[in-house]
């Protein structure tokens, strides 16, 4: 008799995705981040569910309800900090996952890549709305500043912002709808992640060489199941070290002050994982230009398959492209640092140079390097 996992309609799907899936024999730890993102998402949904049981989405009680969770609810503090720092781990894994895709040319799987970009946007939107919920100073002013960016859209901008706010400023209506959206979005992300996986399994995984691995496949289980479990343990270890030793390391002290529309904090800045985009936004002295640059800084990922001029898929055997890739990483770290600094000399000019460098590297230098590398070899 055939094994039930191969015949049962539901188990068959699980079997083909996680057990008998043929996988390349040489995929490195950079291929662990997909499963880690899945674990992060499940963790966020579970901790978020328990937080939602005690949270109230009302301007008068939101801040107090978060305080209540931390002080009075059994293990509420650990649930709250696991959720807040879980978001940081989520974004670390996301950036690593995208970086892996860029380095090894995984973006040539167009459908998988484009759904990945949509997933990135959806995750960023979810994180932004979640940051508003505790209704601290940075929550309120962050929401005000970021939603206000939409007013830069010609003609419909102002109406659009007021429609999103549900009034003439960020208020009760805004908080309530953000809570509703923050609750539903992770499930949309989970659904999209399944489509992401569906498209990936149409082609199979890429591997570090960028060459077809059809001639040398191994079963996903036990080889990569055990590898994913190791990755998961390391992820949870890192998260728990953060949660139990320095839970407020990545947060903003201003968010421990209740939201006050009459008092603007001296430095409005988002969570660390948005700082690179925030720096790009601020580096352009025009509102609409800044908003366009902000959107394009992420949307540029969609162009990656079109900008691929190399005859090799992966950067593994392309030293010039490797150098430029790591310069891009350093540039993004520079932008992240600048995004957290006040708008004054020398930070303004550093931010502008780093922003120019970001777009220049992706749009001009990397495609040029690929062309040079093609000509260095006999094909």
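Residue positions begin at 1 at the first shown residue.
Cβ atoms are placed via backbone N, Cα and C, with glycine included.
For residue 182 (heme b b562 binding site), applying a Cβ distance below 8 Å and a minimum sequence separation of six or more within one chain yields 48, 126, 129, 130, 133. Per Swiss-Prot, heme b b562 binding site is recorded for 83, 182.
What Swiss-Prot lists as heme b b566 binding site is 97, 196. DSSP classifies residue 196 (heme b b566 binding site) as helix under the three-state reduction.
Cβ neighbours of residue 201 (ubiquinone binding site) (same chain, under 8 Å, six or more residues apart in sequence): 16, 17, 21. Annotation note: residue 201 (ubiquinone binding site) sits in a helical segment as assigned by DSSP. Marked as ubiquinone binding site by Swiss-Prot on the basis of similarity to another entry: 201.
Taken from Swiss-Prot, the feature transmembrane segment applies to 33-53 (among others), supported by similarity to another entry.
Per Swiss-Prot, the feature transmembrane segment maps to 77-98 (among others); the stated evidence is similarity to another entry.
For the transmembrane segment (113-133), the residues of the chain that approach it from at least six positions outside its boundaries are 48, 55, 57, 62, 66, 87, 90-91, 94, 97-98, 101, 106-107, 139-140, 142-143, 146, 174-175, 178-179, 181-182, 185-186, 188-189, 192-193, 195-196, 199, 270-271, 273-274, 298-299, 301-302, 304-305, judged by C-beta separation under 8 angstroms. Residues annotated as transmembrane segment in Swiss-Prot, with similarity to another entry given as evidence: 113-133 (among others).
Through the fold, the transmembrane segment (178-198) approaches residues 17, 37-38, 41, 44-45, 48, 52, 55, 57, 112, 115-116, 118-119, 122-123, 125-126, 129-130, 132-133, 143 of its own chain, all at least 6 residues removed from its boundaries and within a Cβ separation under 8 Å. Under the heading transmembrane segment, Swiss-Prot lists 178-198 (among others), citing similarity to another entry as support.
Here the transmembrane segment (226-246) has Cβ contacts under 8 Å with residues 29, 32-33, 35-36, 39-40, 43, 78, 81-82, 85-86, 88-89, 93 of the same chain, all six or more residues outside its ends. What Swiss-Prot lists as transmembrane segment is 226-246 (among others), and the listing cites similarity to another entry.
For 288-308 (among others), the entry in Swiss-Prot reads transmembrane segment, with the evidence type similarity to another entry.
Outside the transmembrane segment (320-340) by six or more residues, the chain places 99, 102-103, 269-270, 272, 274-280, 282, 310, 347, 350-351, 354-355, 357-358, 361-362, 365-366, 369-370, 372-373 with a CB less than 8 A from a CB of the stretch. The transmembrane segment feature in Swiss-Prot is assigned to 320-340 (among others); the stated evidence is similarity to another entry.
Beyond the transmembrane segment (347-367), the same-chain residues lying 6 or more positions past its ends with a Cβ under 8 Å from any Cβ of the stretch are 279-280, 282-284, 293, 296-297, 300, 303-304, 307-309, 321, 324-325, 327-328, 331-332, 334-335, 338-339, 341. Annotation comment: Swiss-Prot describes 347-367 (among others) as transmembrane segment.
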Under 8 Å by Cβ from residue 83 (heme b b562 binding site), counting only residues of that chain that are 6 or more apart: 44, 47, 48, 51
